[in-house]
Amino acid sequence: MAPHHYPDVISIHETFGAGLVGALVNAIMYGLTTLQTYLYYMYYPKDGRTNKLLVAIVWVIDTVHTVLVSMCIYFYLVSNYDNPEGLKAGHWTLFTSILCNVLISCLVQSFFLVRIYELAPPRAKWWLGGVLGFIVFAHLVFGILTVAYCFIKKDFSRLSEFTVCADLFGDVFRSDPSFKLFAATPFAITAVLADVLIAGSLCVLLHGSRTGFRSTDALVTTLIVYAVNRCLLTALMAIIEVIVFSLKSYALWYLAIDFVIGKLYANSFLATLNSRQALRSISGSNRSDTNYTDIEFESRPSGHVLDLRSRGSTANSKSTHSGSAGERSTHFQAETDTKIKADTPIEVFEATPTTKFS
């Protein structure tokens with residue numbers, strides 16, 4: 001894949017006009033991030049410290065990203081409005097903002113990765129967690145590598161010169177153009193793979209947890225829809241970004257998309273945390289004095305168990321509904337201890353306080 005040839009005349013609309021559009025959408029999305037962060041701390045004050053810290057870190061990085069994007073647009077459209085030469089090279093704020101997106105996406109993916117590890121059956125924990133962990137780590141590595149080469153190349157016209165195999169392995173692949181691959185391509189591929197596999201794993205684990213009870217199955221269906229929607233949105237944006245970069249690297253529409261994609265990860269993460277009140281209403285619970293749910297799904301006779309424990313519940317109550325012999329039964333138990341040794345349980349599944357199905 002040869003580097004793109006830049007046209008003699010580059011439209012300002014497709015370059016810094018696109019960047020301005022991306023910056024405006026970025027500012028709007030940052031407002032949503034800040035609102036969701038505020039709502040989280042207001043409605044879930046009893047969440048664990050790890051969860052609160054993760055939300056704070058994501059918001060701080062997102063704030064830094066918004067500041068960097070604003071500085072970048074000011075640099076190009078104000079400080080260098082009469083300096084065409086200054087518009088040819090990428091500013092440090094632009095490349096650092098990409099790094100912020102990489103960090104946010106990896107934090108959000110790691111959040112769901114840990115929950116999948118806790119949910120998976122014992123025999124699948126290590127291989128499933130290992131595969132997903134490797135892809136998330138590869139996404140981080142390729143993202144940092146892409147940012148590093150952006151600082152090295154600097155000029156927008158040279159960003160498409162970096163090819164993974166040729167630049168990393170030297171003359172071994174330099175003579176064979178079929179091995180050339182844009183730096184953004186493996187970065188986007190690992191991002192899409194991580195999102196799709198995380199969503200797929202959650203859907204499989206949840207689908208196997210159906211009990212036949214209407215409220216439980218409605219909750220499971222809602223959680224599956226949430227997981228798929230989160231995956232489709234971020235994965236689709238990553239695919240569009242790499243396609244635009246590959247076809248029209250001289251335009252800056254891919255940077256406009258990159259200005260927004262980190263906000264999508266941050267808002268999907270915060271929406272997952274803030275959706276617990278709505279999930280409680282689906283499951284028929286009106287309790288609001290607990291922020292963590294313990295959900296254990298066990299389907300007999302297969303014995304497959306999907307277990308989520310909660311912290312912070314203040315009640316200890318039990319009720320049991322039994323069917324005919326050999327059929328499934330449902331057992332509800334509220335308790336204050338936790339089975340999953342973590343301060344950040346899978347909150348995408350939280351619906352009722354300390355609910356256990358067995």
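Including glycine, each Cβ sits where the backbone N, Cα and C put it.
Any TrEMBL annotation is an automated prediction that lacks curation.
Copied from TrEMBL, the annotated features are:
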- 20-41: transmembrane segment (TRANSMEM)
- 53-77: transmembrane segment (TRANSMEM)
- 89-114: transmembrane segment (TRANSMEM)
- 126-152: transmembrane segment (TRANSMEM)
- 181-206: transmembrane segment (TRANSMEM)
- 191-277: domain 'DUF6534' (DOMAIN)
- 218-245: transmembrane segment (TRANSMEM)
- 251-273: transmembrane segment (TRANSMEM)
- 305-337: region 'Disordered' (REGION)
- 311-323: compositional bias 'Polar residues' (COMPBIAS)
- 328-337: compositional bias 'Basic and acidic residues' (COMPBIAS)
Q: May I ask which of the stretches 53-77, 89-114, 126-152 has the most CB pairs under 8 A with the transmembrane segment (20-41)?
A: 53-77
Q. Are there residues at least 6 beyond the ends of the transmembrane segment (53-77) whose Cβ is under 8 Å from a Cβ of it, and what are they?
A. 16, 19-20, 22-23, 26-27, 30, 33-34, 37, 40-41, 86-87, 91, 93-94, 96-97, 100-101, 103-104, 107-108, 111, 259, 262-263, 266, 269-270, 273, 344
(Q) As a test of reading the model: what is the averaged pLDDT for the domain 'DUF6534' (191-277)? (A) 82
(Q) Can you break down the domain 'DUF6534' (191-277) into helix, strand and coil residue counts using DSSP? (A) 75 helix, 0 strand, 12 coil
